[in-house]
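Q: Let me begin by handing over the structure; questions about it come next.
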Amino acid sequence: MRSRILAIVFAARHVAALPLAAEDAAATLSLTSSASSTTVLPSPTQYTLPNNDPNQGARNASIARKRELFLYGPSTLGQTTFYPTGELGNNISARDVLLWRQDAANQTATAYREANETFADITSRGGFKTLDDFALLYNGHWKESVPEGISKGMLSNYTSDLLFSMERLSSNPYVLKRLHPTKDKLPFSVESKVVKKLTATTLEALHKGGRLFLVDHSYQKKYTPQPGRYAAACQGLFYLDARSNQFLPLAIKTNVGADLTYTPLDDKNDWLLAKIMFNNNDLFYSQMYHVLFHTIPEIVHEAAFRTLSDRHPVMGVLNRLMYQAYAIRPVGGAVLFNPGGFWDQNFGLPASAAIDFPGSVYAQGGGGFQAGYLEKDLRSRGLVGEDSGPRLPHFPFYEDAHRLIGAIRRFMQAFVDSTYGADDGDDGALLRDYELQNWIAEANGPAQVRDFPAAPLRRRAQLVDVLTHVAWVTGGAHHVMNQGSPVKFSGVVPLHPAALYAPIPTTKGATGNGTRAGLLAWLPNERQAVEQVSLLARFNRAQVGDRKQTVRDAFAAPDLLAGNGPGYAAANARFVEDTGRISREMAGRGFDGKGLSQGMPFVWTALNPAVNPFFLSV
């Protein structure tokens with residue numbers, strides 16, 4: 001497997017791995033040049049608004065040249081947003097692929113070495129005899145590729161219903177919704193006496209009281225698993241318990257075969273298998289839904305690239321945030337989603353299903369830019385605000401995301417004020433910035449950015465919102481579902497297998513001899529489990545701290561600090577301080593006297609800004 005990824009030959013093999021001053025490259029690039037002969041010039045050393053540029057003519061000509069050479073091409077990896085094409089677009093894609101390969105090389109080699117060591121150790125200990133033996137996968141292993149280790153509690157508490165339910169409010173919060181008391185119907189029924197015993201009330205009362213929540217993966221029923229692998233298409237009902245004030249699971253419906261509905265009152269192995277089947281669906285969702293966290297900022301940046309000078313302060317920040325961004329789709333197509341590639345080797349549903357899914361979400365109206373703003377998204381699903389039910393007592397994702405976005409927003413507000421003048425609060429400065437307005441028009445026009453702020457952009461608060469959201473997606477939202485999260489949280493086995501290896505049961509009580517060992521038939525064997533962890537470990541980026549590429553470093557690029565003046569430098573200093581405070585709190589998390597952290601029996605740190613890259617890493 002190692003040789004397959006390292007031996008891939010990309011067109012970008014000889015492209016210089018330095019930041020591309022695209023405007024200058026466009027001005028000098030020969031129309032007949034290849035991807036290996038891109039002219040690379042230094043980044044701008046002074047950022048300025050177009051009306052303040054003493055050489056507006058040359059500036060406008062350079063933008064026109066970029067528009068000739070950087071074009072919107074067909075979507076790849078599913079039918080979502082445009083992917084760059086044209087001579088300059090192809091060169092930038094090739095450059096980013098090379099940057100990605102350089103960044104990933106050490107992580108890849110380390111994960112492969114540690115995989116071999118882990119497999120040898122598991123084999124020497126006799127392999128997996130019970131579900132508890134999956135701890136052999138992790139104990140003492142992956143210390144270099146995953147230096148933070150997997151989440152505390154994720155193995156010791158993997159049978160906990162509270163752990164299972166609270167994953168919806170942390171590791172994968174993007175699929176959960178509260179069922180509105182009047183606008184939403186009950187998705188399926190649960191036996192009344194079971195509901196009464198679990199909740200001390202009725203399903204209808206939970207619904208009416210705004211205490212019922214749904215995760216719906218029934219759409220996965222349309223996909224056919226690979227030979228020898230199996231998948232349900234689970235729906236899960238969760239409820240906010242009025243007695244304990246905890247968020248708990250109520251029922252899981254498989255939607256395939258006999259279409260069984262499981263509850264916590266079933267045999268403990270049947271119920272644990274139901275949670276495993278659900279998490280298998282959930283892992284597919286998180287890994288492929290997150291593709292939209294690539295394509296949305298990509299198309300926003302593409303529109304900016306064709307309309308803003310590289311000397312524009314906003315372009316400088318966007319270029320920084322979109323470091324190596326255009327590598328992910330070609331790399332994914334070459335080694336992850338290719339037939340027989342890493343996806344097919346590890347997941348139950350085939351790569352063709354994985355590629356189809358984000359396009360299906362997009363075709364059904366997903367992928368809206370403003371709809372993805374944190375507060376707006378969570379309110380639309382009834383998870384914050386009290387319009388449709390009682391407040392969630394613990395919402396770790398929202399708690400951490402709110403703080404990180406607050407730090408990003410403070411930076412962006414200071415950046416926008418220093419760029420356009422803070423003293424008089426003159427939002428007319430935005431209207432006079434014709435490049436900025438061209439970007440907004442381009443995004444709403446040829447780029448077809450869904451749900452982008454309308455042109456013209458009149459208020460600087462709107463610009464702050466846009467820039468904050470791009471930085472949040474590239475350095476926050478993406479990493480909740482990808483990057484290091486799967487190997488540390490959402491992909492930890494035995495609770496989160498990428499594939500199931502036995503048929504979905506048609507009757508209850510089919511899970512063996514009453515011990516957890518009976519569940520091994522559905523789970524990956526020793527080699528398959530090591531391969532899953534190895535793949536997910538390769539998604540992690542353990543070296544970003546040493547390379548000064550963390551979220552804390554997002555705005556500290558030397559050219560940005562040198563070219564934007566003291567206001568920018570002061571904003572960056574505060575951002576570093578704010579994110580340092582957040583990081584220290586996260587790093588110090590542990591369990592309270594009840595064995596809980598943020599109301600969960602596992603420690604969640606997926607948004608740590610001192611650990612995560614500031615960019616779309618994988």
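Backbone N, Cα and C define each Cβ position, glycine as well.
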Q: According to Swiss-Prot, HIS290, HIS294, HIS478, ASN482 bind Mn(2+); which of VAL146, VAL611, VAL618 is also listed for that site?
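A: Among VAL146, VAL611, VAL618, only VAL618 appears alongside HIS290, HIS294, HIS478, ASN482 as Mn(2+)-binding in Swiss-Prot.
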Q: Compute the centroid of the Cβ atoms of HIS290, HIS294, HIS478, ASN482, VAL618, then list the same-chain residues not in that set whose Cβ lies within 8 Å of it, in sequence order, for the Mn(2+) site.
A: VAL291, PHE293, ILE328, HIS479, MET481, GLN483, LEU616, SER617
Q: Should any of the glycosylation sites ASN60, ASN91, ASN106, ASN116, ASN157 have a Cα within 10 Å of the Cα of ASN482 (Mn(2+) binding site), which are they?
A: none
Q: Can you grab the distance from ASN91 (N-linked glycosylation site) over to HIS290 (Mn(2+) binding site)? Cα atoms, rounded to a whole Å.
A: 25
Q: Return the member of ASN60, ASN106, ASN116, ASN157 nearest to HIS290 (Mn(2+) binding site) in space, with distance defined Cα to Cα and candidates limited to these glycosylation sites.
A: ASN106
Q: Hey, of the recorded positions listed (ASN91, ASN157, ASN482), which one tops the CB count within 10 A?
A: ASN91
Q: Which three-state DSSP class does ASN116 (N-linked glycosylation site) fall into?
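A: Once the DSSP labels are grouped into three classes, ASN116 (N-linked glycosylation site) ends up as helix.
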Q: 10 Å Cβ neighbour count around HIS290 (Mn(2+) binding site)?
A: 24
